[in-house]
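> My questions all concern the structure below.
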């Protein structure tokens, strides 16, 4: 045994993380170097500077261009630009491609630069924070980025902790240090940390800290927020270290004037940074779909160009080579001419893949992000917090969410506990009855909390009469049976509770006249209705998740020994004495409390004889010094004394939800969005919150993890039978430990879990770590191919937020870690319904409508060249003027569709929220997919046919009004271009659902701009200045003075649009969608909304038949019992206490996650 222990210790020393106090050079030793590039090495110890930005001055241009050229279209246009520079094959000027390409790359680069500069500013602000570091024998102010592993740091009250630090000493007795972990886990209740006794006694002065030379050996950097294991070697002794000795980066020092610590992990090695997860480049489903469509268009383009090139080869061989007037003095073969024609058509038809599409998409996304930022209905005035779209690339994805993964504490709840009701001796108090018109007046009690509200005056009357013994015992228990710490600050009592439930119960007892005043290692002092009494504490049996209760054994002032116990009704009822009264009535009250989703707790007591206590105390002492399984031994001994209890009553605490949470969840559920709650809480607490926020309802059947294991086993057996029938052999697995033996088995289990969970209406995952939260999200993404959204408020949610397709951070008092890593941020969970059902849905509909129209108008524009090729010998001759081709997507047809992408809405925001079913098309992706793409393609083909062949027929063997034949190529180009511009601008008018003056101006203005520009660039004046660039001299004025050609344009436009009008009419009349039906009755619904707002009243409470649920919702970590029992919490010996101020302050608290 000795050898084994020695070997293990040796391994830890050699392989573990080693830190030498006050020795920066130790970390630079060769044995601590690691390779990072080829043969270059650097220290494995990270510096304390953090980096969340993507680019620097040197890498911005190459990295950004690399990311942008990952887009197939950008790469395609770069290749096209190179082709246009080659004279032999260029059919269009090079600037027609260069200008739009530079514009696209420039706009995207500027947007990326602005986003990254914000990250730079945030990093700089954090890295330049100041802390005091021990250098050259004295503390000097140093920037966080300059702190190194092994440094001794001094922190003061309200300082943020710059790294993961081993607490050495503090100004508080026994080196206690209170920290707030809001930025780490979203909790606002304070937690205590303790320095080792040896460092507390030896490291108080600056000179002592300068001589400190301990060697710390601990675990390697990891992401476990709940675990730390290490050893301190100092002065030839070894001292064990655990998480209670560590101050983690992201926390804040509270209620401790000064503390000193040793840096163990810095920068990227700290636990908060390890939990951050990898920053992922997120793209929407529409982005991926657009890429595939670009590939499809490119393949179509290659095939069309190849066909036309072959046609040119045959044409030249049979016709072109024999026509003397086509001789160009180039002795080129038909095949070679066909080869050149292929590249010429690649250039001519390049607008099938429009580069302006990507510029327009970026502009639309930016506008939609601004609308989210400007939405006053998502502005939280209490904290002056507006909604913030922190990215501009994911807006339409908000309209396609299928799964939401939510944190609980701080996201669904407010972290505020309120004592609402209680039942004592079978009678319930605190009913919201008609007779309770006003809250109880506590002005008689100078200790009462002014914020505390209670609605039953009868209870306070009974207490003040002091006639009901059971009632006095009830509140006495609440003031004595707890692990709350108390201190005096400027004459005020300040409570520190391990959980907000305990704080709420002790505060309630205080307001009803039983005030917890102070405690020492073995005494508790309370004020009972103005009379101060001190109880001797014989034993404190703390809560843990297995016991689900806590007990305290006290020696009363009159010499009696009494045990007080409070806990979950499921465990208390098993331990009640057969002689205990009011069990049935208390159980009925518990059912009522549970029906109202209140958190219940049973209270009981037991009188113990001196002999019984002495015998039990001996067993308890033996268990407390056991070397193995100490916790289990203590639990077994506690079971012996916690029997034959007498029931007093029960409490009911409300864990306040954020405003509008149940309504939001109900709305999202109607939109077919499944909500999963991922929390570190135990099962009872999570289930209770599930009912409170109406995620769980009475009609649901709840399956717990154990049930799922049985279902998994059944599924596995069925799979084995199926494989046996098919003659296949299943990979072996180890049946003994139940764990997967290989990746195949692991993947099957993961798939089974996801399949079963996704069949449920709602899922609550309890006791999950930050990494497990991210794993659950990634499993659903992987196996369901679903669009996911994660929402949280603390650093423990960062990994989950980064993993999901959309990450939402709740900004507020809980810290900014989640917000910094999120894509969208706002202050309240209820704003999520507006973000998804209004902004998300609108963004998706607008983007889909924009893309469908954009593809249509470019197919209609480009394919005219294709039809023209049959009449020009497949020579890659363009059907339009060069400047029309250049300006078509930039000037003539861009504004109306941009405004549709920015402003269009089928129904207003109120109707979007009233009819959540309108959200379903986005989840199904039914508004933009390959079917819609091919519809746009065929629509474009039809329009291009009409636009080419009707003018062609009109020009064929035609005589003008003045006796001239207007059948020349340039006049034909003007007529087809004019027909196209009018058609596509009127087509977007048919697709516009929400008309404003701006839309009307854009449509008419685009047509006007086209004619204005056309007459200018085809004038004689500009031809004189630039004869080679402007060759259509006087064509427009000559052609468009012919009434015959105007009739041709009107006929072309009419035939192009008539089928569309008929199809839209029939589809909305015969096969209307949900959106069409709502649109049809829009006025009626809007009037109903107005009337409903006028007569809206708060809904009456509805009682249901829900079964009772235990909700013993203490912190899942242990309380302060060990600290109290050790005596190390005593700040000073009890002495005469000054008169307390009438206002007693309680520290804000939050339930553990």
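Quick reminder: no glycine exception, Cβ is built from N, Cα and C everywhere.
According to TrEMBL, the record shows the following:
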DOMAIN    42-98  domain 'P-type ATPase N-terminal'
TRANSMEM  95-114  transmembrane segment
TRANSMEM  292-316  transmembrane segment
TRANSMEM  336-361  transmembrane segment
BINDING   407, 408, 409, 502, 543, 566, 599, 679, 680, 681, 767, 773, 796, 797  ATP binding site
REGION    723-743  region 'Disordered'
DOMAIN    819-1073  domain 'P-type ATPase C-terminal'
TRANSMEM  850-871  transmembrane segment
TRANSMEM  883-903  transmembrane segment
TRANSMEM  933-954  transmembrane segment
TRANSMEM  994-1013  transmembrane segment
TRANSMEM  1046-1067  transmembrane segment
REGION    1084-1113  region 'Disordered'
REGION    1125-1153  region 'Disordered'
COMPBIAS  1136-1145  compositional bias 'Basic and acidic residues'
> Would you say the transmembrane segment (933-954) and the transmembrane segment (336-361) are in contact under the rule of three or more C-beta pairs closer than 8 Å, pairs 6 or more apart in sequence?
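Between the transmembrane segment (933-954) and the transmembrane segment (336-361), which are separate recorded stretches, there is no contact, as judged by 3 or more close Cβ pairs.
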> Restricting to the same chain and to residues at least six past its boundaries, which positions have a Cβ under 8 Å from a Cβ of the transmembrane segment (883-903)?
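For the transmembrane segment (883-903), the far contacts come to 92-93, 95-96, 99-100, 351, 354, 356, 360, 363-364, 367-368, 846-847, 849-850, 853-854, 857-858, 861, 973, 977, 981, 984-985, 988-989, 991-992, 994, 996, 998-999, 1002-1003, 1005-1006, 1009-1010, 1013-1014, 1017, 1029-1030.
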> When a 10 Å sphere is centred on the Cβ of residue 796 (ATP binding site), how many other Cβ atoms does it contain?
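The answer is 29.
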> Ten-angstrom check, please: count other Cβ atoms within 10 Å of the Cβ of residue 680 (ATP binding site), all chains counted.
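If we count other Cβ atoms within 10 Å of residue 680 (ATP binding site), we arrive at 27.
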> For the binding-site residues 599, 767, which one has its C-beta crowded by the most other C-beta atoms within 10 angstroms?
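Comparing the binding-site residues 599, 767, the most crowded Cβ belongs to 599.
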> Take the domain 'P-type ATPase N-terminal' (42-98) and count its residues per DSSP category (helix H/G/I, strand E/B, coil), listing them in that order.
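Helix, strand and coil residues of the domain 'P-type ATPase N-terminal' (42-98) number 27 helix, 2 strand, 28 coil.
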> Mean pLDDT for the domain 'P-type ATPase N-terminal' (42-98), as a whole number?
81
> Test of understanding: give the count of other CB atoms lying within 10 angstroms of the CB of residue 407 (ATP binding site).
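I get 30 for this one.
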